[in-house]
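Engineer: What follows is a structure written as structure tokens; I'll ask about it next.
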Amino acid sequence: MTETMSGDARASAGSNFVSRSRPGAAPYPPQTRPGAAGPSSPSGPTPGGQPGWTGTGGRHSVARAHSVAALENVAYRAQVSWERRYVRLLILFDAAACVVAAGLAFFVRFGDLVDFETKPVSIKPYILMTVLLPLAWVLAMSLNRAYETRFLGGGSEEFRRVVNAAARFTAALAIISYATKAEIARSYVLIAFPAATLLSVAGRVIGRGILHRMRRAGRCLHRVLVVGAGESAATLVRLAQRDPTSGWSVVGVVLDRSPGRHSHDRPERSGFDLLGVPIVGTSETLHTAITATHATTVAICPQMDGETLRRVLWTLEGSDVDVLVSSALTDVTGPRISIRPVAGLPLLHIEEPELSGTRRVMKGVFDRCVAGTVILLFLPVLLGLGIAVRLTSRGPALFKQTRVGRGGEHFTMFKFRSMYVDAEARKAELESRNERAEGLLFKMRDDPRVTRVGKFLRKWSLDELPQLINVLNGSMSLVGPRPPLPSEVARYEDDVHRRLMVKPGLTGLWQISGRSDLEWDESVRLDLRYVENWSLAMDFVILWRTVFAVLRREGAY
């Protein structure tokens, strides 16, 4: 599938236009420099109720311009400062990973340092390699652009670049060793480089966790200015605000006044008041808006025409801001998307989702192996939990319920019973207390039908462990969409049926994003996002994050 991006406006979708010139260098044209009133500058309040960014002349205007420019430089330096600190942290993690991996390989291969006295000639090269490996490793990561800030903090590209850098470095070392006839023990290589790769990836995971915590606290953010009109701008703002870990702080909206735009294309005041984002100008005064909001990133909506976009890019050259062009396609990311230039027109190439073939077989094998291993290892725990359920309330230990799986097939899902046996009969009298306004799901924080042991099981997500049986028999997967009830599926809209293209999962994006606290629309969006972007790497990341989601007990009730 190939989505054609209209005109030159899509020239750089999916890419960052990065220009880093010296802070303080002001490329502003005379009519748009901070504080200057140009013929196209808005005067008075903007549509969003914010003052226009127009100078009034005289000493006050000049003073205000200098003040705003100074604040812009402060904002720029603040962003560059946290980016540099974060990159240094990753470099430290990578170097430490190599030291540990090289040291481990050295001592596994040669034992203690007593061997150094008996075999100084054979061991000295390994000591030298152990010392130099961290420097060479960091250099390899840098050459593979694994420290570029646009790849850090989100998505799988960061991890892919780490693995690629490790593979290329290992291959280069093998070629050099062969060319120079250097004798390097295979056991040293087989231990050092895989261990360094795993530890580097683990360091990135730790670093990303630190960064996400800081972003949730309102730190380490990119100040983003959205350029667009109407619903497209509102959608981009809404998506940016939905995930605080993305690092986007939307500080303003600039109205797109491209040729063909009409007044009814402009965002409604009430909508942007609700989102808490002011309208700070138009595309004709973009430079002034950037200065006034201290923005470090400009995000352009997909409806801007090519000629206007090209002029905007020319205008922003040398202004120390990143320029991102949004695509109209949402929740399709990662390796499915690439740029394919045709006759000078960049096209967005979209691969079909990986829902069949060898990788699906690999996923099934992995699911069954992990489920079988966990059941065997934790069988005493599972038996103990089952006995606790039986002893504390009347009824069976396992709760069986019909759910809908891949392709609409029904199957019996197992869980530890966390409610009294008459829970379904009592549901009708509690409908008025349902905390889900949409009504498709029934959720209560203090549900009187939940037993005392059931509250403990739900708190730590232990009630879901019997679903490993479903994973073992192939009706479920370790990772996937939430398994729906037949009554839910009967009320699905056409698009939502796409959830049934893969097996439901014991965990998934919904599990690590809030679980019961999620609204229906958000849980559907996350499930569809999983279907569109599934990969084995994505499953590993979700399983890893599930451990921490369970420990945090977010949305578990």
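Glycine residues also receive a Cβ, built from the backbone N, Cα and C atoms like all the rest.
From TrEMBL, for reference:
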COILED    420-447  coiled coil
COMPBIAS  34-43  compositional bias 'Low complexity'
COMPBIAS  46-58  compositional bias 'Gly residues'
DOMAIN    363-551  domain 'Bacterial sugar transferase'
REGION    1-59  region 'Disordered'
TRANSMEM  86-106  transmembrane segment
TRANSMEM  126-147  transmembrane segment
TRANSMEM  159-179  transmembrane segment
TRANSMEM  185-206  transmembrane segment
TRANSMEM  369-391  transmembrane segment
Engineer: State the non-local partners of the transmembrane segment (159-179) in its own chain: residues 6+ outside its ends, Cβ under 8 Å from one of its Cβ atoms.
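Structural biologist: Distant contacts of the transmembrane segment (159-179): 136-137, 140-141, 143-146, 151, 189, 193, 196-197, 200-201, 204, 537.
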Engineer: Of the stretches 126-147, 185-206, 369-391, which racks up the most C-beta pairs under 8 Å with the transmembrane segment (86-106)?
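Structural biologist: Checked against 126-147, 185-206, 369-391; highest Cβ contact count belongs to 185-206.
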Engineer: Short question: which residues 6 or more past the ends of the transmembrane segment (185-206) have a Cβ under 8 Å from it?
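Structural biologist: Tertiary neighbours of the transmembrane segment (185-206) are 90, 93-94, 96-98, 100-102, 104-106, 108-109, 126, 133, 137, 141, 158-159, 162-163, 166, 169-170, 173-174, 544.
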Engineer: Who are the long-range neighbours of the transmembrane segment (369-391) in its own chain, taking Cβ under 8 Å and residues 6 or more past its ends?
Structural biologist: 397-398, 416-418, 451, 453-454, 457, 462, 465-466, 468-469, 471-472, 478
